[in-house]
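Quick look at what TrEMBL lists:
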type	residues	note
DOMAIN	19-229	domain 'Glucosamine/galactosamine-6-phosphate isomerase'
ACT_SITE	Asp68	active site, proton acceptor
ACT_SITE	Asn137	active site, for ring-opening step
ACT_SITE	His139	active site, proton acceptor
ACT_SITE	Glu144	active site, for ring-opening step
Amino acid sequence: MLNIIKTSSEDHFNETGAGIIASLLQSNPRAILGLATGSTPVGVYGKLIELYRKGSVSFKQATTYNLDEYIGLPADHPESYRRFMDEKLFNHIDILPENTHVPSGVEADPQKAAEDYSRLLDEAGQIDLQLLGLGHNGHIGFNEPGEELQGPPHIVKLDERTRLANARFFNSIEEVPTHAITMGIGSILHAKQILLMAKGEDKAEVIARALKGPITTKCPATFLQTHSNVVVVVDQAAGKWL
Ligand code: GLP
């Protein structure tokens, strides 16, 4: 089932995303959440923090698994996804630090780090809700377009377009890591529910392609069409062709 929610303002967009996550935690406090980085979920995390402060939601029994991490960035690097999650969400809520998981970007053997993350996910069981943003080239997590996709967590070489898009967070494009560890398409599709969020005119074409175009490895997000429970939250600009 594909449920598309078109929101009317930035606030409405963030509240809608946060509301879906909060309702899940209210009905299942032990929920396993798959979380995402990027600019799209930042406001959603802000709303979740507000809901936590109001006493409407608790993360005390929840567990989280993030989609991806840059290879080569230590956890305390300003642009590491571990640091992003700590600063944008985890440090402001009652989640137990040991229940938050982000792949390690600094293992001497990145391949082993990907395998360790894969094992961790297998042991966790099924993610209840996987939050996703969407790359301009149709990537989800860091599953980049190509001739083939991989199911389990793995190492990826980042697309130049992805590095360019993320260069805004670094001093220069040279500083953007060239590789990352990401959950695979299989890990993502294994979640019980997927919450895909996109905002802005620059995402209109890719989200239409993701949801309505032919399923192809050239646009990894098209594989979401094979999942039975996807909720899509967009703003008016991103949703104009939906
Ligand atoms: C990044 C992340 C993705 C994210 C995407 C879009 O590279 N690895 O998980 O969804 O790009 O980012 P944004 O939300 O900033 O547009």
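Placement of Cβ uses the backbone N, Cα and C atoms for every residue, glycine included.
Overlay of TrEMBL feature records on the structure.
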{"residue": "Asp68", "record": "active site, proton acceptor", "DSSP (3 states)": "strand"}
{"residue": "Asn137", "record": "active site, for ring-opening step", "DSSP (3 states)": "coil"}
{"residue": "Glu144", "record": "active site, for ring-opening step", "DSSP (3 states)": "coil"}
With every protein chain in view, how many other Cβ atoms are within 10 Å of the Cβ of His139 (active site, proton acceptor)?
25
Rounded mean pLDDT for the residues that make up the domain 'Glucosamine/galactosamine-6-phosphate isomerase' (19-229):
97
Which of the active-site residues Asp68, Asn137, Glu144 have a Cβ less than 6 Å from any atom of ligand 1?
Asp68
I'm trying to understand the geometry here, so how far is the Cα atom of Asn137 (active site, for ring-opening step) from the Cα atom of Glu144 (active site, for ring-opening step), in Å to the nearest whole number?
8
Roughly how many angstrom lie between the C-alpha atoms of His139 (active site, proton acceptor) and Asp68 (active site, proton acceptor)?
12
I'd like the Cβ neighbour count for Asp68 (active site, proton acceptor), meaning other Cβ atoms within 10 Å of its Cβ, all protein chains included.
24
Cα distance, Asp68 (active site, proton acceptor) to Glu144 (active site, for ring-opening step), nearest Å?
12
Specify the count of other C-beta atoms within 10 Å of the C-beta of Glu144 (active site, for ring-opening step).
21
